[in-house]
Amino acid sequence: MAAINAFVVACGLVFLFFIAGLHNYITNFEENGCEMTYMFEYPQYVKIALPPDISSQFSRYGLYAYGEGKLTDDLRKMKFTGIPVLFIPGNSGSYKQARSLASVSLRKAINSHLPYHFDYFTVDLNDEYSGLFGGILEDQTDFVHHCILRILELYRPSPFSPVSVVLIGHSMGGMVAKGLFLNPQFNPRLVEVIITLATPHKAPVLLLDRHLVDYHSKVDSFWRAQKNNTSGNIGHVTLVSIGGGQRDILVKSVLTQAEEADISVLSTQIPGVWLSTDHLSTLWCKELILVIVRALFDIVDVRSKQISHSQWERKHAFEYHLLKRTAGKRLALAFHGRETVFNPDGMWNEYLRRQFSVVEPYGVPSVMYVMIRLVDDPKHEWLLAEAINVEANDWVFACTANEIRGPSRICNYGVNLSNQTRFMPSTTLKRKIVYLHLREIKKLGFSHVILRVLPTREMVQINVDIHSSARKVNIPLPLMLRVMKHQPIIESTDDGALHYSLAFPSFEHIWQAYYLHISPYSCRLATHHAIGIMHVPWSQEDLYVKINDLVEKPMQLRLQTARPLNNKGDGPVVVNLILDPTCRYSISIQSALLDSLGQIVRFYGPMILPYVAAVLLLTLRSQMLSLAETRSCTMFHSALASGAKPYYILPIVKMASRVLSVGFLVKLMQSGIKQFDPVTLVENNLDFILLPFVLYMVAFATAYIIGLACWLAVIFNGTAANKIALRFLARTITGTIMWSEWMLAGLAKLPITAAGFLIALSYSTCGALSLCVGGAFYFLKLCKMYEEYLEELFKFSIYLLSRFKKGGKSKKKEKEEEPENKENELNRIPETVNANDSEDEKDKIDSVDENEEKNEERKEEKNSNGSKKAEEQERESSSKTEEENREVIKKEASENKDDKDTKENKNAEEKSGQTNSSASYSLSELHFNFTLLLLWVTVTVVNIPAVLVWAHNYGYSTKLQPDPSFETGVVLCFCVGVLWQKKAPNPHLKHYPVVGHMLYLLAVLILIFSTLSLHHLSPLLMVAFVIVTVHQMIAESLPIEESEIPSIDTEILDEKAGTNLPFPSSEKPKQA
């Protein structure tokens, strides 16, 4: 069977595309535009003493208070007078990560001269891997509960003692904060505000163990059920979730958007931030930290100097700062009055053009009013006004011009429309816009829209664009494979145009990615500024991109959340362009294949592992079938290429998934499992028709390449031709016993000993550690198998070479001695008979002697008669008899030689066949164990987090508790111990096809239940090892044919007897 075919080549090509997508996923995102926060004084962390029983129970955890400079002295005296905030770090997070939030909050309180401030406490959770291992989450939650109680105790003597603590959780710290409310001993009123940063609310990033899945499931179910219940345990809590966007490659943005959150937003949409943050920069990004701190100060009740008890007020403050900031940076100063009285003595200017700009480079000495008339014209349907450097919060109004002043009419007062203001990102100047539907305003009886500019000495500019709905364009998306061609959208924008709206109705899948090219030309000024805003209606993930004279990159269109299946009424994705009126633009779109591949890796990359496991099981199944048919195990890559085709399994998986997706079956299964992966993919609109086939091809190529790499590793570690030759010659020529022979004799008993050691390791430390150590030993065992196989081949080569040389020398000697043998054949007849001649040969020689005696008697009789005639006759008779004797001798000598050659050839063939049989068996054992090693490695990869946590906490405990890898480690170590000891596979066992069918069923179950839930992978692969082991232990043997019974080579017996070497089990002589 060929190891390379057309499907293998196709998988290799798909794998190359996957690698390109992986590179894009890791490297292709916007540069980090965040500024670093800094401190004015050296930060210090004061440890807070906990009760002795708590310190003993949670010896690896701690509680600290943050301070700077002289303020630390009060903290050391345990004097706290502010508002308590507790920071909870996440996966592998440090308690010192609270520095940015604490330092900025402290500095704001000092600079603003406020009568209150925040006291920041931070939890030391020993930098544990809480995002990968769920067994520690319960301990962390209990410890945080005790920390909250201890923090509130520190404020008891204060006149304004707090009754609650603000919780800020980063990554998994946010889940720990939410998990507090499931503790029956926790008082829910102790927490009223929870802010989570890059926290995976919807599901763990990787579902690697059941403890992690159970914790997430319990917390998520509790919060969804209780959030809308105002009288429940969490109805009073304000929950805010902030995600990092595209730069966060550890936690996908879709996981941070919690349905139970009051506000769920990405940093790219937050006014004043407009940047994507990676997983760690979320904690120190100055733009984001400032917004969070401002929101915290705005939720404080100035009367109690503590957090407001009004859930509405808290939510309103967070909405203002994180979603809809329409004015200044303080909520208290951002109130927009309903009506405003205008100054009739101001500068009133009415413009009749639809696109115009008002530029005052030196400011305005008095109030300026820009009047925009409302007319019944389809071209006057929408208004976009941009204000640059206009500081006033109230600047947009609707009014009725009913007072005549000079040649025009003016308004006495106006209705405030400034609450529809949106701030825009800018490099230097302050920009804000308002987008109004003029027809709706005219229906209310207004005649004008007024833009007001208060007196200032700074440069101000007002840009106005009145347009129809024709500026809203539906864009068909280009084909993904047409990566080199730009599809034009707008050849040239209108002169002075400010706004275009581009809708993409079919842009709703996460694997779609495009480049939107916005190219300026014919600019009247050297500097220009434009903004692209991608709005996703079903998710808070708006993206703001600046296009100016310094940055002219295309706008990347990628979704963080696919459109849910039950969400069809929110409209399409829209890109709003806020352009520079001094330029004209050409707009085109291009498919971004590499970005699309990066999106596939981002959302589907972890699913490769279960597909690899399924491919390996199908490969092992193919080897089982070859053992049933040919009594030999095929090579890994041959079995992979022939027995792991996608059409063997994917149709069955698809049909089974559809059947199991029926409502009542899903509910039945979810009573035992937390989620059904196919249903989860469909509900989140992550499934598409080619997804299983693409993932399977990538997994196939991955298994092929990993197998090739492992083979090379085995060859380089197991091949030492010179060492094998020296060892072989030293054993066969010198006749002495080397130290290595004693070691090799001891290795015969090592497999079961090694298995016992690994099982003991599972009990004393953790199962994952035994899997890692067992994998290393398995690799060395495989190298040893390969070395023994090469040694068998070397022996056979030496034997054939010696036979060849021996045969050549014997033929040459026979040719040299042939004339001499012919002359002395008669005289050497008795000598040719040796002890090994048969009785038949002796009888033939006796008959020759009798003929000679008769000839002598005839000679004497003829001589006595003296007859000359008789003598002549006797000579003729004697000559004739001698010729007959010579013919008989030649014939018998030739027969003896043929018999001897036949016997030697037969022995050589038997020895050759025995060597070939041994080498073939060694090769089958090597191929079989090679596939099992790759399955072992797959199980080990899933359980790596358990090893990391065990090693991290080894100083506190040598035993990992709880250990989700314990059962898997014990069972697998026992199974391989049996297989190593029995030298599996036994080619003469029955039921190999049955084992193959069971492995096929396990591969189907993996692709149904483990594509997302990776914690199901270990038990299913464990069952595969159990099936193979039980089969090798209890299966009946097939009857062995006589041709398959190996004969004992007398030369091997002589060699073993002469060197006193121990007989391998396959060469021991049987007792008669």
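One-based numbering along the chain as shown.
Using the three backbone atoms N, Cα and C, a Cβ is placed for every residue, glycine included.
It is 754-780, from the ranges 646-672, 754-780, that TrEMBL records as transmembrane segment. Listed ranges 607-623, 964-980, 1015-1031; the one TrEMBL annotates as transmembrane segment is 964-980. If you average pLDDT over the domain 'GPI inositol-deacylase PGAP1-like alpha/beta' (80-298) in this model, you get 92. Tertiary neighbourhood of the transmembrane segment (693-716): same-chain residues 7-8, 10-12, 14-15, 18, 600, 604, 607-608, 611-612, 614-616, 619, 636-637, 640, 644, 646, 650, 779, 782-783, 786, 930, 933-934, selected by CB-CB distance under 8 Å and a gap of 6+ residues from either end.
Beyond the ends of the transmembrane segment (7-26), by six or more residues, the same chain brings 249, 594-602, 605, 641, 645, 694, 697-698, 700-702, 704-705 to within a C-beta distance below 8 angstroms of the stretch. Under 8 Å from some Cβ of the transmembrane segment (754-780) lie the Cβ atoms of residues 710, 713-714, 717, 929, 932-933, 936-937, 939-940, 943-947, 950, 958-960, 963, 965-970, 972-974, 976-978, 980-981, all in the same chain and six or more residues away from its ends.
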